[in-house]
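**Student:** Here it is, the structure, as C-alpha cells.
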Amino acid sequence: VYLIPPVFPGPCRILRNKMSSGERFDCHYCKDSLLGKKYIMKEDTQYCTKCYENLFANCCEVCSLPIGCNFRDLSYKDHHWHEQCFKCAKCSRSLVEKAFAAKEDLLLCTECYAHDYSSKCSTCKKTVMPGSRKMEYKGNSWHETCFLCHRCQQPIGTKSFIPKDSGYFCVPCFEKQFAYQCCACKKAITTGGVTYQDKPWHRECFLCIGCRKQLSGYRFTSRENYPYCLDCFSNLYAKKCVGCTKPISSLAGAKYISFEERQWHSECFTCMQCSVSLVGRGFLTQRDDILCTDCGREK
C-alpha cells in the first residue's frame with residue numbers, strides 16, 4: 001500500500017502567438033496556421049490544441065476521455081485522471097491533493113482503506129491507520145506505542161524481544177525474570193546451554209579444567225567434581241603403560257593387560273626379547289622383564 005499524493009505533470013505550456021501577420025507559423029502536424037490561435041510547444045515543436053490532444057493527450061482511467069490541454073492531468077503509476085474524476089472508489093470523495101491508498105487497482109481515501117483493509121491493534125483494538133508505523137508478529141499487529149514489554153511496560157519498537165506465555169519481553173527484562181545464569185560467567189543463558197551436576201552453563205563456558213577445550217558435544221569425565229576431556233584426564237590420572245609409558249585410558253575403550261600392579265596396552269604386551277605378542281599366551285618373568293616361554297627357557 002502506498003500513501004502518496006498524486007503527481008500533477010505539466011509537460012506542456014499553452015501560449016498565445018505574438019508574431020506579426022506577415023510570418024508563417026503553422027502546426028507541425030496538420031500544417032494549419034497558428035497565427036492568432038492557441039498552440040502548445042512539445043520538445044521545441046508547436047502543435048495546435050486539437051492535434052496535440054489527438055497525438056499526445058492521456059486518456060482518463062474513469063471516463064476514458066482524453067485529458068485536454070485545459071485540464072489538469074493527474075497521474076499515478078502510469079495511470080491518468082481528470083481532476084474531477086480522481087475520486088475514492090468507495091465513497092467518491094475527491095482525492096486531489098490528499099493522501100490515498102492503492103488496493104487491487106482501486107484508489108481509496110485513507111478512511112475507506114482503514115475501515116476495509118487495515119489491521120486492528122491487538123492491545124487497544126483500534127485501527128492501525130495506513131502510513132503509521134506498526135509492529136507485526138505471528139499474524140498480530142500493534143501500534144508502535146502499544147507494543148510494550150510485559151515487565152517494564154516500555155515500547156519495544158525495533159529492538160529484539162522474546163515471547164513468553166502470552167506476553168512479550170525485551171531481552172534485558174527476559175534475562176532478569178526467566179533466564180538461567182551461567183555458573184561460570186554469571187551471565188544469562190538465552191539460547192542453548194548445557195547442564196552439568198544440576199548447574200547451567202553456556203556451551204562456550206563449559207570447558208575442560210585442564211586444557212580449557214570446549215566440552216559440549218564431546219565425551220568427558222570428572223574428578224572431584226571438575227570436568228576433564230579424556231586426554232587431560234588420561235595424562236593426569238591414568239596408569240602408564242610399562243611398554244610405551246603412555247597413559248592407558250579405559251575411558252577411550254583401550255584394552256590393557258595388568259600383572260603384579262603393572263599395566264600394558266594390549267599391543268605393548270610383548271616378549272622383551274623376540275617381541276611376539278603375549279596376549280592369551282603363557283609367559284615367564286625375569287626380574288622386570290616378561291618373556292615368552294621359548295625365550296625364557298633359553299635363558
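Yeah, the Cβs are placed from backbone N, Cα and C, and that goes for glycine too.
In case it's useful when we look at the structure, here is the feature table from TrEMBL:
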DOMAIN    58-118  domain 'LIM zinc-binding'
DOMAIN    119-180  domain 'LIM zinc-binding'
DOMAIN    239-299  domain 'LIM zinc-binding'
**Student:** On the DSSP side of things, how many residues of the domain 'LIM zinc-binding' (58-118) fall into helix, strand and coil, could you say?
**Tutor:** 10 helix, 20 strand, 31 coil
**Student:** DSSP on the domain 'LIM zinc-binding' (239-299): how many residues come out helix, how many strand, how many coil?
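**Tutor:** Split by secondary structure, the domain 'LIM zinc-binding' (239-299) comes out as 12 helix, 20 strand, 29 coil.
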**Student:** For the domain 'LIM zinc-binding' (119-180), give the DSSP counts of helix residues, strand residues and coil residues.
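**Tutor:** Breakdown, helix to coil: 7 helix, 22 strand, 33 coil.
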